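What follows is a single structure, written as structure tokens, with notes after it.
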Amino acid sequence: MAGFMNRMPSFLIEDQLRSGTISVIVGVDEVGYGAIAGPVVAAAVYLPERECDYIKDIKDSKALSSKKREELFCKITAHAKYGVGFARVREIEQHNILVASHISMKRALQNLGVKADLVLVDGSRAPAGLPWAVKTIVKGDSISTSIAAASIIAKVTRDRFMRRLHEQYPEYAWNQNCGYGTKAHMQSLKLYGKTAQHRSTFAPVKQLSSECEGAPPEQLELLSSTGIKTPVDGRGDAVATRD
């Protein structure tokens, strides 16, 4: 794992796949898959400008400090084309986390605003039924700069969202744990019970008998605070995109 975390991604795989019919190559990644609270968030990113100084600093979001992620987020969103998609807790409960993560990826791509020739997806499984050519890449956020950029956009967007949720549910310290099952988070679950933002079908939450259902927040209002454009699609789902 350490080897992947320290690896600097590049455009090597993009260049290998580029051809006469493939020029617009988009990276896709998600974050929040293993959390026990909050949505799963995906981002799709197309980097048309490779010579910008910030490009060399892009790497897997997990290998970056929060400060560095925020810095790169601002630079990527200023120069790249991107889309963000959310799959909410009720969708995770209705389907499962894998399906929900694929839903978020589809929404990110649908709101990218760019016609992709090829989509690079982090992981071993891609959403079914995409109208674009797709290639999955295991540990793609450590290999492809396009996927690494998507990991940064998804991570910062979700972290900002969870910090705003923290204002409504301060007992769970989501501003620190971002909805993941830390020891402190689990202790708060035992003490206060679960909220509407907890994933009830996930074992750590399901095992707790006490419940404290709260009204779900207005997602569009929260998303607007992240600094990303947030139109609402035909299903009423909040999405994000950059022109």
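Placement of Cβ uses the backbone N, Cα and C atoms for every residue, glycine included.
Residues or ranges marked as domain 'RNase H type-2' by Swiss-Prot on the basis of sequence analysis: 23-217.
In sequence order, VAL40, VAL41, ALA42, ALA43, SER101, SER104, MET105, ASP122, ALA154 make up the list of same-chain residues 6 or more apart from GLU30 (divalent metal cation binding site) whose Cβ falls under 8 Å from its Cβ. Summarising the annotation, Swiss-Prot assigns divalent metal cation binding site to ASP29, GLU30, ASP122 and lists sequence analysis as the type of evidence.
Sequence annotations record features per position, and here Swiss-Prot assigns region 'Disordered' to 223-243.
As annotated by Swiss-Prot, compositional bias 'Basic and acidic residues' applies to 232-243.
Comparing Cβ neighbour counts within 10 Å across the binding-site residues ASP29, ASP122, the minimum falls on ASP122. ASP122 (divalent metal cation binding site) falls within a strand when secondary structure is assigned with DSSP.
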